[in-house]
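Everything below concerns the one structure shown next.
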Amino acid sequence: MMCLKILRISLAILAGWALCSANSELGWTRKKSLVEREHLNQVLLEGERCWLGAKVRRPRASPQHHLFGVYPSRAGNYLRPYPVGEQEIHHTGRSKPDTEGNAVSLVPPDLTENPAGLRGAVEEPAAPWVGDSPIGQSELLGDDDAYLGNQRSKESLGEAGIQKGSAMAATTTTAIFTTLNEPKPETQRRGWAKSRQRRQVWKRRAEDGQGDSGISSHFQPWPKHSLKHRVKKSPPEESNQNGGEGSYREAETFNSQVGLPILYFSGRRERLLLRPEVLAEIPREAFTVEAWVKPEGGQNNPAIIAGVFDNCSHTVSDKGWALGIRSGKDKGKRDARFFFSLCTDRVKKATILISHSRYQPGTWTHVAATYDGRHMALYVDGTQVASSLDQSGPLNSPFMASCRSLLLGGDSSEDGHYFRGHLGTLVFWSTALPQSHFQHSSQHSSGEEEATDLVLTASFEPVNTEWVPFRDEKYPRLEVLQGFEPEPEILSPLQPPLCGQTVCDNVELISQYNGYWPLRGEKVIRYQVVNICDDEGLNPIVSEEQIRLQHEALNEAFSRYNISWQLSVHQVHNSTLRHRVVLVNCEPSKIGNDHCDPECEHPLTGYDGGDCRLQGRCYSWNRRDGLCHVECNNMLNDFDDGDCCDPQVADVRKTCFDPDSPKRAYMSVKELKEALQLNSTHFLNIYFASSVREDLAGAATWPWDKDAVTHLGGIVLSPAYYGMPGHTDTMIHEVGHVLGLYHVFKGVSERESCNDPCKETVPSMETGDLCADTAPTPKSELCREPEPTSDTCGFTRFPGAPFTNYMSYTDDNCTDNFTPNQVARMHCYLDLVYQQWTESRKPTPIPIPPMVIGQTNKSLTIHWLPPISGVVYDRASGSLCGACTEDGTFRQYVHTASSRRVCDSSGYWTPEEAVGPPDVDQPCEPSLQAWSPEVHLYHMNMTVPCPTEGCSLELLFQHPVQADTLTLWVTSFFMESSQVLFDTEILLENKESVHLGPLDTFCDIPLTIKLHVDGKVSGVKVYTFDERIEIDAALLTSQPHSPLCSGCRPVRYQVLRDPPFASGLPVVVTHSHRKFTDVEVTPGQMYQYQVLAEAGGELGEASPPLNHIHGAPYCGDGKVSERLGEECDDGDLVSGDGCSKVCELEEGFNCVGEPSLCYMYEGDGICEPFERKTSIVDCGIYTPKGYLDQWATRAYSSHEDKKKCPVSLVTGEPHSLICTSYHPDLPNHRPLTGWFPCVASENETQDDRSEQPEGSLKKEDEVWLKVCFNRPGEARAIFIFLTTDGLVPGEHQQPTVTLYLTDVRGSNHSLGTYGLSCQHNPLIINVTHHQNVLFHHTTSVLLNFSSPRVGISAVALRTSSRIGLSAPSNCISEDEGQNHQGQSCIHRPCGKQDSCPSLLLDHADVVNCTSIGPGLMKCAITCQRGFALQASSGQYIRPMQKEILLTCSSGHWDQNVSCLPVDCGVPDPSLVNYANFSCSEGTKFLKRCSISCVPPAKLQGLSPWLTCLEDGLWSLPEVYCKLECDAPPIILNANLLLPHCLQDNHDVGTICKYECKPGYYVAESAEGKVRNKLLKIQCLEGGIWEQGSCIPVVCEPPPPVFEGMYECTNGFSLDSQCVLNCNQEREKLPILCTKEGLWTQEFKLCENLQGECPPPPSELNSVEYKCEQGYGIGAVCSPLCVIPPSDPVMLPENITADTLEHWMEPVKVQSIVCTGRRQWHPDPVLVHCIQSCEPFQADGWCDTINNRAYCHYDGGDCCSSTLSSKKVIPFAADCDLDECTCRDPKAEENQ
């Protein structure tokens, strides 16, 4: 309410503010539609009875960032909220800051006076939430061991029998360090190998049967000092920064006191340059670079880890190579991945390889790149994720080697593109190593050969021996890895499907709950009915009889599914609460927000505070007259100025509608829950509330909502339906939602569009309601199968509809069951989320069978997952162990959040949204689940920008800790700059803070910040200028071994076997890595293993069994087993590397060998046999036997401009296969990769467009494209290749195309209308489904588009190749056929052409011409040396292609080709910077061009020639143009201090020093207090000297009060003498200006001065003056303009505000002073008022008021040359032509 009042007061001022940019308006439109869609979801349709259950959710893009998103959760994932202490339970209300920062209570005072009455008995503190999966070393927590049964004596049993020291070695990865002085074949390894090698470590250990001796000698160390390298066994993990006990076991060759030195780059000016003497020559013909990195979340774009860059040209170029992180193509600040770019000196554009998936922040990753002179490849964790053949030859000539530098942490540009994160090792080779080197070195025997190619192993201790800071920057932080290493990931975590929310949606996991009945064992669940009575305990909301009947119905429905309910009733005695109407989804902030909110349209809210309807006219004399007038009781009249909320005047229970009043008659469900503070940790709480629509029966909280087990969770039911006969199934339905069940009609009636990926057409566990035993069905209240329906998505029948299911909308007399899949989901969620609702204290089950991870003849090693709830400690009541990881790290989400920013009137995006775990479903899209500083004014399309100091959000954590990392989820932002956070302030416990400055962030990867601060961290404050930023959550992670985790006891595990172990007892495993090696095994014997968890003396259910025959193959053994149906086996159980954890090929990958080597094959430029039919990118369109494919040879369009949108681009093969969503700059991007319609929309205003339906076209703007084909035939398919699908982000109407085929007689045949989507590119239309077209011979295709934003790159036609039918169709009579819009595809007359004409090609060899049938012939064409193919029609020929196969059919060759001389074209300027090229001989094959430098650049090198080579590229340059400066110019009034500066040929960066002569100083220091005498000028990158001069000393002018009282001999210059005129007999001594720029004495007023100035004239020139000091001499008056908003300025005598020209720039007057002559200075006659500038300069809109010099010409918004979009958008609709023109005299238009 306070927000709204402030906005109303400010409305007149804000109304003058301009909008943000055009894209800003689009952003708000999307956000506003989100709010309206949320309203729509919450305002229920007719017959709706369930609120939250009906809410449509979009598929989540990043489930790993959400609560319960993966199982088991990674160390980098985030914990669930733990309950607050008991002191929090007593609070009856929460407070939020108002705009002044004061707390405003949300709960009325009379509710806070009696907290006991609200709560009844205070429940016990909730048991803690469970923690993460066990992934760290648990040395902190106790024995890391295994033993038999419950005995404490250790008995030898395989790995379990190893003594403690050895056991640790057997369950952790060992770091080994050695030298390469005497290399051995089995020890030659570089970098760290892929994690799959861990499997071999285990196999070897099992064979040896003992500790350290079992470590394979094949594994090599990490680089240490010179020429040392290490195999990947596992990624490193840093110890705490204070050097505490770590997590590495050191081998005998490793000094544990030293550790492994690594670098941490903070992302701020920490680039390192390799010293030239370290590496004689950087490899240029072939190389391999390997690096272990641990990147932070949030990076520069791009962020360079390492690279080789040009150090001679001083211009930004792609020459060299770079390895780093960047956003995916056309993705903005999202989808960041590892990349490898490379550009030889022969080409002008780099080739960029991008990884197949996002990088993982905070995870050690092995990244490698190779180049062999032809093939470049990128490897991530040993998998080849991208490759290319686009570059060839050496990187540079030998002469240019001196111009290349190796950098770490950034590139050589001014921006730096700094990397942020850890760099562990860097290894450099002079050869391109094979993929096996990165994965399976133990099988690789070329170690000695490779060692000779090793040229650099980076050493970081001491770092300055090999590296030096680049450009005077600083060294990165040096850290040391010590101690034991956390166990690496063995199994990829289970994740939900695309349409899922949690791991209970994972098909593999939920199938176990379906098939293994012990997981669905008996569960007794507690629930609590919250029954509110009056103060005397009378008049409860629901009766005891209602409660009894409902309880019986609940148990009757669930008990047959092993779920029973335990009832408790919580009575609240509070008359105030009892007499208030509680409304679902109607927050007080919505009342009177100038927008009718249907959910608040209730009589007791005054019909939304008058927003929905007014009761009549309110007369002013009725307000505040001691009576409540219904017509005045609204927000517009301030609710009768308080009369209607005065208990002395009216019955406030019926008349008080003011949302700010503590007496109001209504409250929201959220306020009720806030007042009661009933935590949902131990109970499912049942509340009662009404709704505006009486048919709302209930609302529930999803189990994945972050409020599910807080005081804001539970179920809200209508008391009118609760426990009433015929309505008891309503609560059963809502409980189903709480336990994770969707409506059975989800995916049919609940879907976003016809293309919704979660649409359900057949029963499925991955779409719809995620249950395969509930058939798709529409929403219906009829107790029968629904009738077939026909809607916009087509005609659909619904056989087997589950209308009797509790999750349908049928009545109680019809619903009677849950399906087995639904029962499995409910049991899963009870274990995953609600385990503390049960009486049982036993651990939750392990729902996945154990898995085999190692096997020898004598042993078998198994691994298992933790309990599904993630329990890693005993659940001690009241402890914080649920927030601890196994290394003693304590992690916590935000506890309280606040912002001084005024809240949006919609009630969304409040600071509270940033409390708790992240819950935004779709990162990078606007969401209602995040905080945003956006304030929108309804009806004005205006958002209020952040103030000059920025918008801020303060986030506080409950427990201050010694912090290690801060994680921040910034899920959406609008600013183009990545640094949307211009400052991040870390708040410390001692009230101090540390400012980190700006940080780069992505919207789909959380921002992680490594904290190096002293003291305990208590919170963080972030600052931004982006008013549309959205922040979802923040997580604070402590350093290991936190005192808050010191008392936590880990869970133990019991391993059961059938047949039993020799002792007859289960094996108890206490170590945290959940592994066990069984050495009591016999080959060929079948064994069954089960694991159960033990905690607090209780045993959980045994896991589903693993059945394995010892010696049999298994997934992960590195051998592809056909018997198991394996498609690959790379030796691990990790997905995302090409071979999934179930040994299936992943999409886009191919795997070869054993263990499998996997690589991405799509787009690598190589057409392999297995992809010939499927890969259009590598192999082109596959033409089946019996068909012919042809590309369009001619094209016509409705809108064509041969320069802007040439339609010829759609002929031939597509120039690009990349399809993207539409953005306005796409049609202007060069080079064009496709045709875009030239629809004249530039002059169309925003209002014009808003009146049209989304994506629609006006009649005159209809877009059509007609393409013609040379060879008419019977059409079988049409292929349409898209450049863009025309879909604008935020819009949902899919663009379409309607197709017509035109036959040889000119008749059109419709093929229907099809949606366009980049997900289906090319769009393939199967013509065989259209019988009316099959036997017509198609000559052209007409395409009509629904949107002008579509881009087409090519169209292809597939026809039947049957000769008998196609031969007569090759021609058409001249007088036949119709054309479209006057454009004809008729291209030749009829005539008999049965024989193939001879191929007579110059400069070509015709070889192997063979006849393949009557009228059919094939010829292979090869051009001579120095010639290349060129096509005049037909398919697109690759540049410099020399061979082609031509086919002749019915006398017609399929292509017209010729062999033309290779022409390299004029050399691109990027080949040699600052050079001119002279090509007097031409630019064809073997011709030469000379190189000359553009002054002042000087030629370096002896061979200034380029030669055109056979591949169409120029030879490598062997010279460069070095920018040098001549001798610097003479500096007047200065003496040169460095004599060598008088010479010529100064390198860029050279500094010359001068000393200014006495009485002069450096011009740049004129504004500073200290006047510098020493002048430095630098040779700049343009080959010119920096400007510099020495200027005379000038003293400060005397204060204005002395104006007109002094006379000076030479102004205020050096040695000038000034005399004050005081009219005294005694003459005053002169005051001198000294060479220091100071007066010899202070100017003082004459002693005899008296009197005062006359009062300034009132309102002269519309200015009035405020004279608080009076009018005496020296008094100051402040000018104020009578008409705001205006500024007082000083104008010349002959100029007024009306005659002021736009190019004049007057000076603003801050004050006037009464001088000693009793006159005002400046003269008030010269002070005028002109209109103030609006605070929207440089916002993308041309504001006419700002288009003048005084306002800096609106920051460039009114000139196309100064706009990034190059398009001026006038803000005012009636903008005068002159006002909106480009007036800036400095703009290009006015030069």
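The backbone N, Cα and C atoms fix where each Cβ goes, glycine too.
According to Swiss-Prot, the features are:
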type     : residues        : note
SIGNAL   : 1-22            : signal peptide
COMPBIAS : 89-99           : compositional bias 'Basic and acidic residues'
DISULFID : CYS312-CYS403   : disulfide bond
CARBOHYD : ASN562          : N-linked glycosylation site
CARBOHYD : ASN574          : N-linked glycosylation site
DISULFID : CYS645-CYS656   : disulfide bond
CARBOHYD : ASN679          : N-linked glycosylation site
ACT_SITE : GLU734          : active site
CARBOHYD : ASN857          : N-linked glycosylation site
DISULFID : CYS881-CYS1045  : disulfide bond
DISULFID : CYS884-CYS1048  : disulfide bond
DISULFID : CYS924-CYS1003  : disulfide bond
CARBOHYD : ASN941          : N-linked glycosylation site
DISULFID : CYS1219-CYS1318 : disulfide bond
CARBOHYD : ASN1243         : N-linked glycosylation site
CARBOHYD : ASN1308         : N-linked glycosylation site
CARBOHYD : ASN1344         : N-linked glycosylation site
DOMAIN   : 1393-1461       : domain 'Sushi 1'
CARBOHYD : ASN1408         : N-linked glycosylation site
CARBOHYD : ASN1456         : N-linked glycosylation site
DOMAIN   : 1462-1521       : domain 'Sushi 2'
CARBOHYD : ASN1476         : N-linked glycosylation site
DISULFID : CYS1493-CYS1521 : disulfide bond
DISULFID : CYS1525-CYS1579 : disulfide bond
DISULFID : CYS1541-CYS1552 : disulfide bond
DOMAIN   : 1593-1648       : domain 'Sushi 4'
DISULFID : CYS1595-CYS1633 : disulfide bond
DISULFID : CYS1667-CYS1677 : disulfide bond
DISULFID : CYS1681-CYS1729 : disulfide bond
CARBOHYD : ASN1694         : N-linked glycosylation site
Using the alpha carbons only, what distance in Å do you get between CYS884 (disulfide bond) and CYS1219 (disulfide bond) once rounded?
46
When the domain 'Sushi 4' (1593-1648) is classified with DSSP, how many of its residues are helical, how many are strand and how many are coil?
3 helix, 15 strand, 38 coil
Pairwise Cα distance for ASN679 (N-linked glycosylation site)/CYS1729 (disulfide bond) [Å, integer]:
61
Taking the domain 'Sushi 2' (1462-1521) alone, what is its mean pLDDT?
92
Between the Cα atoms of CYS1681 (disulfide bond) and ASN1408 (N-linked glycosylation site), what distance do you get, rounded to the nearest Å?
92
In sequence order, what residues of the same chain, 6+ apart, have a Cβ less than 8 Å from the Cβ of CYS1525 (disulfide bond)?
PRO1496, HIS1546, VAL1548, THR1550, CYS1579, LEU1580, GLY1583, ILE1584, TRP1585
If I take the alpha carbons of CYS403 (disulfide bond) and CYS1633 (disulfide bond), what is the distance between them in whole Å?
53
Residue from CYS645, CYS1003, ASN1456, CYS1729 whose C-alpha is spatially nearest that of ASN1408 (N-linked glycosylation site), among the recorded positions:
ASN1456
CA-CA, which of the recorded positions ASN857, CYS1003, CYS1045 lies nearest CYS1219 (disulfide bond)?
CYS1003
Around the C-beta of CYS1048 (disulfide bond), how many further C-beta atoms are within 10 angstroms, looking at every protein chain?
26
Given the disulfide-bonded residues CYS312, CYS1318, CYS1595, CYS1677, which one's Cα is the least distant from that of CYS645 (disulfide bond)?
CYS1677
Fewest Cβ neighbours within 10 Å, where candidates are the disulfide-bonded residues CYS645, CYS1521:
CYS645
To the nearest Å, how far is the Cα of CYS1045 (disulfide bond) from the Cα of ASN1694 (N-linked glycosylation site)?
79
Compare the C-alpha of CYS312 (disulfide bond) with the C-alpha of each of the recorded positions ASN562, CYS1541, CYS1633, ASN1694, and give the closest one.
CYS1541
State the count of C-beta atoms found within 10 angstroms of the C-beta of CYS1552 (disulfide bond), not counting that atom itself.
23
Rounded to a whole angstrom, what is the C-alpha distance between CYS1318 (disulfide bond) and CYS1493 (disulfide bond)?
47
Going by Cα-Cα distance, pick out whichever of the disulfide-bonded residues CYS1541, CYS1595, CYS1677, CYS1729 is nearest to ASN1344 (N-linked glycosylation site).
CYS1729
Distance [Cα-Cα, Å, rounded] between CYS1493 (disulfide bond) and CYS924 (disulfide bond):
48
Winner by Cβ contact number (other Cβ atoms within 10 Å) across the glycosylation sites ASN857, ASN1344, ASN1694:
ASN1344
In the structure shown, which of the disulfide-bonded residues CYS1493, CYS1633 has the fewest Cβ neighbours within 10 Å?
CYS1493
Counting by DSSP secondary structure, give me helix, strand and coil numbers for the domain 'Sushi 1' (1393-1461).
0 helix, 40 strand, 29 coil
Rounded Cα separation (Å) that holds between ASN857 (N-linked glycosylation site) and ASN1476 (N-linked glycosylation site):
73
Which site among ASN562, ASN679, ASN1308 has the most other CB atoms no more than 10 Å from its CB, taking these as glycosylation sites?
ASN679
